[in-house]
Each structure stands twice: as structure tokens, then as C-alpha cells.
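These features come from Swiss-Prot:
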TOPO_DOM  1-16  topological domain 'Cytoplasmic'
TRANSMEM  17-37  transmembrane segment
TOPO_DOM  38-187  topological domain 'Extracellular'
ACT_SITE  S46  active site
ACT_SITE  K88  active site
Amino acid sequence: MNAKTITLKKKRKIKTIVVLSIIMIAALIFTIRLVFYKPFLIEGSSMAPTLKDSERILVDKAVKWTGGFHRGDIIVIHDKKSGRSFVKRLIGLPGDSIKMKNDQLYINDKKVEEPYLKEYKQEVKESGVTLTGDFEVEVPSGKYFVMGDNRLNSLDSRNGMGMPSEDDIIGTESLVFYPFGEMRQAK
């Protein structure tokens, strides 16, 4: 074997290693995305002003195994009956007592601030309307209470959607990634 043949074999070997590495990295990224993250299209205005129609979010599916859900999380729920998925804000956990009075949220008789609604509540209040009607509800074991941030225009646990179980929850919002110029974490 001459030096030229050895050099060609080394180049082919390096090329093969590079191609295989690219394929393995792509497969790893695809697997991570498939198992841990899912893109989701926002349809409608039920989460306005926090999330807008046609925005795209990345949903963290791993949260189900890494620490669970917390009040205030933005979650994606899959409705088995309709086959559709919805984005809502997690308000109540299993066993919670939820009360809304004069547009103020109380959980287990403790006043809860909703900073994500502060400006929106003020706008609505100036027009002489309350954002959320008064109600009281107990969250059953194994269920969650959810509402859209656009309380005047949201199908949620108050009015027909019911209370999802943990199995119905796909994951939590981790990033608004589209439109690209408005990337952010919505909270």
C-alpha cells in the first residue's frame, strides 16, 4: 500500500464517522423532542393576553415525571372526548377549595394574587365589568381546576370543560417560540 491509498482510506473513515455522528445526533434530538417536548399551536383567545392566537409554544412533557404541576402553571390538556387539546392556567390542585369573589381569587381561604391578569383586570374594570364571575368549588381528588386567562371568553373548569385529571395533562408551557421576534417564557 502506498501513502495515497492510506490517505484515501483515512479520509473515507473520517467521512463515515462524521456522517454517523450527524445521524446519531439527529436521532438523539428527535428522541428528546418526542419524549420530553412537544410543539403546540395556540388556537383562539382563551389565554389572551398571555398567549395570543397563532403563537406556538414548546410544551415540557417531562414535568409529569420531574416534579409535577404547580398553581399558576400554563398547561396543555388533551380532551379525550373531542380529541382536541387546550391551553389553560392551572388554578387548583386536588383537594383545593376555590372561591372567586368580586374578581378576587381565594384558594383554601387564602387570597391569591394573579399578576398575569393585573393589567387585563384593570382594563375590564374601567369598562364596568368584572373579569371573573363569583363562584365556589371544591376540587375532587385526582382532578385539577383550570381557567383561561381571558376569563370572559374561555371554556374551562367553570363552564363545560370540567376538571382534567393528571392523565389528561400533556405538560407545561416552557417557551413561546413563534413568532421568532416575540420569543419568551409566558408566565
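Backbone N, Cα and C atoms are what each Cβ position is placed from, and that goes for glycine too.
Here the C-alpha separation of K88 (active site) and S46 (active site) works out to 8 Å. The average pLDDT computed for the topological domain 'Cytoplasmic' (1-16) is 78. Non-local neighbourhood of S46 (active site): F86, V87, K88, G148, D149, N150, N153, S154, L155, D156, each in the same chain, at least six residues away, with C-beta under 8 Å from its C-beta. Taking the Cβ of K88 (active site) as centre and 10 Å as the limit, one finds 25 other Cβ atoms among all the protein chains shown. With DSSP classes pooled into helix, strand and coil, the tally for the topological domain 'Extracellular' (38-187) is 25 helix, 54 strand, 71 coil.
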